[in-house]
């Protein structure tokens, strides 16, 4: 009935005839479709055909604008910081900048550049776009995040939170640590703390745990404690405790208490709030000041034993305080209320540090278990601490010097502070001369301590002898009085 394909002529004339017939049919169909089919039905059929014949994309693209309404988009700012650490050698164009007070150069990707990222074995592509906004005549900036559609839930629930968290960590690492004090004039760099009476400077203290002249075991214990504290947000919430940590640093002057605080701040990237209790007049002012401190900070009250003179007895009532002229002053109970009382729950990631040269002078309430979480004894320098000082001041060559072992043995048998040894190590540039000077210094210190102890011993013996002599004289006097009384009695009897 139908001719076989092999019998159909494929000459150019036959092909042209078939093409002309097909074209005429399509034009007639189009004319009838446009004229006879209602517009709504035509639109529906057209959309249906477009969907059917358009290939479906496996990818989804999210647009992250710089501005949402009139405010900056937190995700855009986080992505800008996050992608700095993802720039690879395949990136062709970069933007570089640096503000006057920044220590490091800041790198951004340029318009049109793409960065590939991997998250939990899934690939995602970031593209930075700048386009001119016709309405405002300003450039519109945004990121395009492209990934497979099946990853949508993972991106929304995990990846974007990961980007924000990583960017915050990067900003903390790059941010300069600040030292706040109420004695420093407030400026525009105070991060909004000027209204609370705090002024600040950048804490450029070079102290780190590597340069700290402490026993390595003690340093490791402190670092491990701080790391554990940072990771325990949910733990503190679960057990019903405020997310804070308290440290009491005690020991003689010059043993490195202030250096340890600076090392803690540099390690944690926490701001330091240095509080002078002598400048505070009442508990209400103390409350206002402490509430104005920020999260991720270290509150320092140095020489708390000396500050105690400015703090009224916690057991005194208001009438007694008024009679003694202390009405309205800071009370110890008011201070302790911020350490572990009701007001201790303000803020998160807070560290409180008290320092003292004389732990035995502190009120027992400050030493109660659980009040300060860790008591750190900043003792005299040890042999291991001296090795750290030698490495800091003389380099690795000084550690191999034959005098080092002799000095370490001398230090372990006497009382000398790291500050005193550091002063000696700065006297000369020549290692031999410096170490011989340290030997002489430590030997002289040992002799001085021995003489002081002998003098104290002889003084105590003399006082004991005087006491015994006084007791003996008193007894003799009593015996003499008794004899006199006895003699008078006999005379009367006669």
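Glycine is no exception: its Cβ is also placed from the backbone N, Cα and C atoms.
What Swiss-Prot lists as ATP binding site is 251, 252, 253, 254, 255, 256, 257, 258, and the listing cites sequence analysis. Marked as compositional bias 'Basic and acidic residues' by Swiss-Prot: 459-470. For 479-494, the entry in Swiss-Prot reads compositional bias 'Basic residues'. Taken from Swiss-Prot, the feature region 'Disordered' applies to 459-494. Among the features that Swiss-Prot reports, transmembrane segment is placed at 13-29.
Excluding 251, 252, 253, 254, 255, 256, 257, 258, which define the ATP site, the same chain contributes 357, 378, 417, 418, 419 within 8 Å (Cβ to the Cβ centroid), listed in sequence order.
Among the binding-site residues 252, 254, 256, the residue whose Cβ has the fewest other Cβ atoms within 10 Å is 252.
Under the three-state DSSP scheme, residue 256 (ATP binding site) falls in the coil class.
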